[in-house]
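Features of the protein shown, as given by TrEMBL:
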type	residues	note
ACT_SITE	His125	active site
ACT_SITE	His170	active site
BINDING	Asn126, Glu155, Asp157, Glu204	Ca(2+) 3 binding site
BINDING	Ser284, Arg311	substrate binding site
BINDING	Ile398, Asp400	Ca(2+) 4 binding site
BINDING	Asp446, Asp448	Ca(2+) 5 binding site
DOMAIN	255-371	domain 'PI-PLC Y-box'
DOMAIN	357-476	domain 'C2'
CARBOHYD	Ser5	O-linked glycosylation site
Amino acid sequence: MADKSESGSLEIEQFVFFYKMLTQRDEVWKVFQDYSEDGEKLMLEELQSFLSVEQHEGEQSAQHAQELIERYEPSETAKKQGAMSLDGFQMYLCSQEGSIFKPEHQDLYQDMSQPLSHYFISSSHNTYLLEDQLRGQSSLEAYIQALKRGCRCVEVDCWDGYDGDPVVYHGHTLTSKILFKDVISTLKEYAFRASEFPVILSIENHCSVEQQTVMAQYLRQILGDMLQTTLLDGQVPQQLPSPQSKAKSKMSRELSDLVVYCKSVHFDGFEHARSHAKCYEISSFSESKAKKLAKEAGTDFVQYNTRQLSRTYPGGLRTDSSNYNPQDMWSVGCQIVALNFQTAGLEMDLNDGLFRQNGCCGYVIKPDFMRDGNTQFSPDKPEDGQQLPKVNQKEGSIVDPLVRVEIYGVPQDQLIPVGFNPVWNETLDFTIHTPELALVCFVVEDHDKASRNDFIGQYTLPFMCIQPGEQSMESSSLTS
C-alpha cells in the first residue's frame, strides 16, 4: 500500500506513510476526534478539556496541557499555534506519562520508617537453584538474578562440605553444590544494586557446630559492616526496626551471635504468640499450613502479622519448582512470601506486579488495616493493546489477539471477564471490595479455535497504582 509507485522499494515519504500505518492506534484517533473541532489538531483549550474530562485532572490541566505540547508535539508549526497534532497526542499517550501505571508510584513514595512487619517483602525460596528441586543446578547467578529483581529475602541452605568448607545445595538431592563463602561474596556485591533497603538472609542451617563457626567467620569477614549484628539502640526491641534504619538445636555461639532481629522459632499457635512471642521472632509456614491457618483463623493471622514476621514457602511436593499463589498469603499480611524466582508464570507475574511500585525497592507497605494490632480484617469477609509478537512463525500467519483482564485479591475480588480484540470499545465493571490488596492482570493470548491459545504476554500492576483516564500499556512492558 505504501509503495504507490510500485518500484519495489520505499522512498522517504512512502516509508513515513508505511510507519504511520503500522503505528496508527484507532482508539487514540477516536478520542482525538472527540475533542478536536477540525479533526486535525487539538488546540490548547481542547487538550485542556481532554485532560479535565478524561484524565480527571483538576485546576492544573491548563498548565499541564501547555507542558504536554512542549514535550511531545513533533511539529514546530503546531507548537507555535499552541496546538497538538495526532502524532503528538499518540506520543503522549504511549509515553510513561500516559502509562496505565501512575508515574508518581514508579519511584520510592511510601513511608519507609515503620516496623519491618508492616511491609510486604519480595522473597525467594531456595534462591540458589536455577531449575527443579531434585536435579537442578545450584548457581551464584540465581542469587544475582533474584537480587537484580529487587528480592530482599534470599534463602541459603547450608551443609557440611569437604575440607571444612560449608556448601549450599538442596540437601539429600542430586542438585549441584556451591561454596557458602562464594554465596556471601555474591551477596556483598549485588545486595544493594537494585535497592538500598535491607536484605534478609534466610539461613537453613544443617551444618555441624564446627562448620557453623566457619560460616560465622565468613559472614563477618566478607560482609563486615554491611552485616547488622547489634541492636540499633542497644535496647531489647519492643518492635522491629524499619527498612530505613541498614536488617532450638545445637548451634555455634559465633553464628547465633549474628542473629539479632530475625530469630527463627516454632509456631505454637496464635494464642501463645499473643502472650509470649517477641517481635524479633519469626516463624516459617509451608503453603498448606499457611492456607489452613488463613481459612480457619484469618483475623488472628492478620493480627499476628502486625507484630512479627512470618515466612511462607512452597510445599515439598513442588519438586518442579512450581509456585503457589502469593496473593493468598499477602491477604493475611504475611510479609516474606517466598517463591521460586526461576519459574516464570502467573505467580511470579503477581509478585513482580506488587513490587513494581515504590521504586522496585522490594518493600511495599501494607494497607493501614493490616498494620493495626486490633484489626478485625479477614480476607474472607473484607466488608467487616499494542504491536504484538507473532507466536506462530508460519508465513502469512497473523496474531488473533484475545485480551483477558483478571483481578487477584481477597476471594470476593477474584473475577475474570473475557473480551476479544484489543480494541473492543467495551466497559468492564468490577466490584472491588479491598482495592488496597487487589492486583489487575492483563493477559494477551493468540486465540485459536482448534487448539489451546498461545500465550503472548502479561502485565500486572496493583489496582491502587492505576492512573485514571485514557491510558496506554504501550510503555509498560509485557512479560512474555
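Placed from the backbone N, Cα and C atoms, the Cβ positions cover glycine too.
Of all the recorded positions listed here (Ser5, Asn126, Ser284), it is Ser5 whose C-beta has the fewest other C-beta atoms within 10 angstroms. Separating the Cα atoms of Asp157 (Ca(2+) 3 binding site) and Asp448 (Ca(2+) 5 binding site) is a whole-number distance of 44 Å. For Asp157 (Ca(2+) 3 binding site), other Cβ atoms within 10 Å of its Cβ number 21. Taking the centroid of the Cβ atoms of Asn126, Glu155, Asp157, Glu204 as the Ca(2+) 3 site, the other same-chain residues with Cβ within 8 Å of it are His125, Thr127, Tyr128, Val156, Val168, His170, Ser202, Ile203. Helix, strand and coil content of the domain 'PI-PLC Y-box' (255-371), in residues and according to DSSP, is 48 helix, 19 strand, 50 coil. Proximity to Glu155 (Ca(2+) 3 binding site), judged by a C-alpha distance within 10 Å, picks out none of the recorded positions Ser5, His170, Ser284, Arg311, Asp446, Asp448. The closest partner of Ser5 (O-linked glycosylation site) among the recorded positions, by CA position, is Asp448; the full candidate set was His125, Arg311, Asp448. A 10 Å cutoff on Cβ-Cβ distances gives Asp448 (Ca(2+) 5 binding site) a total of 13 other Cβ atoms nearby, all chains included. When the recorded positions His125, Arg311 are scored by other C-beta atoms within 10 Å, His125 scores highest.
Straight-line distance linking the Cα atoms of Asn126 (Ca(2+) 3 binding site) and His170 (active site), rounded to a whole number, equals 8 Å. Within the same chain, residues at least six positions away from His170 (active site) with a Cβ under 8 Å of its Cβ are Asn126, Tyr128, Leu129, Gln133, Leu134, Gly136, Ser138, Asp157.
Computed over the domain 'C2' (357-476), the whole-number mean pLDDT of the model equals 75.
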